[in-house]
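Q: One structure follows; several queries about it will come next.
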Amino acid sequence: MAGVFEVEVDGVEHNHGHGHHDEEPVQIDMSQLSPEEKWRLEHARMHAKHKGHEAMHAEMVLILIVTLVIAQLVLVQWKQRHPKSYNMITLFQMWIVPLYFTTKLHWWRFLITWFIFSMVTAFVTFRATRKPLVVTTPRLVYKWFLLLYKISYTTGIIGYTVIMFTLFGLNLLFRIKPEDAMDFGVSLLFYGLYYGVLGRDFAEMCADFMASTVGYYTTSGMPTKHLSDNICAVCGQPILVDVSEEGIIENTYRLSCNHVFHEFCIRGWCIVGKKQTCPYCKEKVDLKRMFSNPWERPHVMYGQLLDWLRYLVAWQPVIIGLVQAINYFLGLE
């Protein structure tokens, strides 16, 4: 039978063999351990450190639940009473919070895509907020955000598909390791969801600026200009293609309120800009009637999904940080 040692590693004791000896703790070279052994050692350290802290852990869980509930109530009331400030701060956090964590973790691939997105979006936003508005600006803005929306949507779907294929083991057909396939799928899903949320928020802000500048739309009250039958209320440009005709580049859409718009303009207004009303008379838009193609309806459902994810990305890290600060102040760990 093997001899007995009591080996203590940072407060973790391991018995080997028989007998009891009062010896100095054995120093273990972490570099000589395999990843599995390192994980088991860290797991043992964690259990030894938190042994007997059940009451403290229950308090921490209670603090987490109470903070989440209160924070949710505060955010809902804030959004209802002051939507403009809520949307602006949420947009800023959506833009900055992931940048902090990815910089800390040295995710250079994300930082490169974030920089490219920020530069192009900053240029488009600058053009959208100028007065007077250049004639070609609304079309440029909506085309950019529609392109970004479709890319993010496609990227997210591909990422989700890769994850599901990996869970079913189809990656083995291509001799791809499960961890590599899962990392690839999760990365694509993250890129699609993140830029989808961020792009929609910037698009909504630009849509408000441009429509108000043109004069056919106001957030409250009556428009400052009268809309002619052959003018698009989003971009303010003439409509050259009749509703019943097939356009070469884009078609013309007529809403249930009988106002007509360019295809790119009304799609950008409803899908990208998250506007569910007519840009001129504010009558509710029937998206199912306007987008008769069933393949286009998932884009609307995808946009609703992104609204839920905005809370997780923008506010969840702030709430978790607040919980950690409360635990630190109360001496809980």
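Cβ atoms are placed via backbone N, Cα and C, with glycine included.
Predicted automatically and left uncurated, TrEMBL annotations should be read as such.
As listed in TrEMBL for this protein:
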- 232-282: domain 'RING-type' (DOMAIN)
- 60-78: transmembrane segment (TRANSMEM)
- 85-101: transmembrane segment (TRANSMEM)
- 107-126: transmembrane segment (TRANSMEM)
- 147-169: transmembrane segment (TRANSMEM)
- 181-198: transmembrane segment (TRANSMEM)
- 308-330: transmembrane segment (TRANSMEM)
Q: Out of 60-78, 85-101, 107-126, 147-169, 308-330, which stretch touches the transmembrane segment (181-198) the most, going by CB pairs under 8 Å?
A: 147-169
Q: Just to confirm my parser: what is the rounded mean pLDDT across the domain 'RING-type' (232-282)?
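A: Per the prediction, mean pLDDT sits at 74 for the domain 'RING-type' (232-282).
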